[in-house]
Amino acid sequence: MPSKQVFNSQDGATYTTSTGAPVAKPYAAQRIGAVGPLLLQDFHHIDLLAHFDRERIPERVVHAKGAGAHGYFEVTHDITDLTCASLFKKVGNKARTTVRFSTVGGESGSADTARDPRGFAIKIRTDEGNLDWVFNNTPVFFIRDPAKFPHFIHTQKRDPQTHLKDADMFWDYLSLNPESIHQVMILFSDRGHPDGYHHMHGYSGHTFKFVNEAGEFHYVQIHFIKDGGAKSLTEPEASKLAGDNPDYGIQSLFEDIEAGKYPSWTVYVQTMTAAQAEKFRYNILDLTKIWSHKEFPLRPIGKMVLNENPQNYFAEIEQAAFSPSHTVPGIEASADPVLQSRLFSYPDTHRHRLGVNYNQLPVNAPAVPIANFQRDGFMAFSNQGSRPNYQSSLVPLEYKSKPYEEVQHETWLGAANADLSFVTELDFEQPRELWLNVFNDTDREHFVHNVAVHLCNAKSAEVKARQLSVFAAVDQGLSDRIANAIGVPTVKPLQVAPASAAIRFKAFA
Ligand code: HEM
């Protein structure tokens, strides 16, 4: 479509400077005579160039490439026994929602079909403030010790010298940190390249806590299950699309919504009491593990529909700032150390990427009025008028007290402890189940192919052998098939501590 000049725009706007002064010739620049130098007095020209020079903001340090849309979240089932969050007070409650999907490791121009987990970030504007659910399309993650995150991400990005993605670095990290194996098994299945951004499920991965009016809490895992099912590409399809149309995911989301084919998800929770959590075979704060659906069935809570494309991508999606710490009363973080670290990391990076007043940007501003004592800073365009900017401790705030705020639901005791997990046989059980009982023959064949075409790029025989030993700890047959596919000797399983050595979860210390 030919571009609409501002003169013909529907709102009848006249071309102006950024201060609103009309400018007759947008392309003209003031100069002395016909061929002389330019004039410093030409605010229009200087402002034009100066603004252009500053158009870029830092891209997200991870999840830089993405696509997003708006829609709504609707409560479909009564879960007031689980949470007092006002969103869930009534079946039928609806809240305006913004979602951003993303790949993780690539830059903002990288291919949408790259093998990578996908981000699934949701901002639900409730009448008690914004509830952000910053999820992925996989129910587990590579790490459970938060200090590993920057190291891990470095190895998935570019080598410091060659500035190339590096298969040796990639597999060296994963084989040296084998608690990643469950996520590796999912990543190298065809689920590692979903068909676009909106044909996939979303998972909290972490355990969260829902707290009800009586102050009782449940541990929960949250699932967004795509209506009509998830769809994946095969490796050859994904690789071809990466070259032919790197923006395949952005395009198909946009075009489906324009055509009225609104993607929707049914939202479920799995719940566990503290007593159940103590008996559970795995630590519920270990994000490399899932909860069995048989033991902890999915309970429906709501639905989400995306029915509106952004009018302006930068303002409504790029500037969106999601954080697991943006939450509401009745929905809380668990003590999962990776989640706890994320509570800090996201607002910290938003202040860097968007500025200290990032929550005043229209896409981030909550639907409810803000009343607090934060003032000023760069771009404070909603500065709370003449409202006092300090609080007296003699005059208690008029706030609605909730009974659970007085209840101590988890009591933590103990000295500071430099905690670091270690790998045990427990870490291979769920990946083995996936390989032997969840994958079918085609899935297994694709998995071996998908690993082989990547692992064969590693130059180091030691790295290849080490990763094969991790696969052998899952299943010897799996490892041998990959070894044969890449033409290297087969290896024995990695030896790790017995399952009995694993740290168990205690809800009450
Ligand atoms: C210690 C672990 C982690 C750290 C430090 C971390 C940090 C970050 C940072 C700094 C960003 C960029 C945010 C921005 O610029 O707006 C980001 C994005 C994101 N992260 Fe994480 N992350 C961690 C683990 C995870 C996990 C476990 C998940 C999912 C379960 C996840 C999901 C996402 C998503 C979906 C985004 C993109 C948000 C968007 O679209 O704006 N991250 N992460």
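Numbering starts at 1 and runs along the chain as it is shown here.
Just so you know, glycine gets a Cβ as well, placed from its N, Cα and C.
Annotation source TrEMBL lists active site at His63, Asn136. According to TrEMBL, the heme binding site annotation covers Tyr346. What TrEMBL lists as domain 'Catalase core' is 16-398. Residues or ranges marked as region 'Disordered' in TrEMBL: 1-20.
The structure, with features from TrEMBL marked on it.
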residue	record	CB count, 10 Å
His63	active site	23
Asn136	active site	23
Tyr346	heme binding site	19
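A Cα-Cα distance of 15 Å separates the residue listed as 'heme binding site' from Asn136 (active site). Classification of His63 (active site) by DSSP places it in coil, neither helical nor stranded. In this structure, Asn136 (active site) is part of a beta strand by DSSP.
The two recorded residues Asn136 (active site) and His63 (active site) have their Cα atoms spaced 11 Å from each other.
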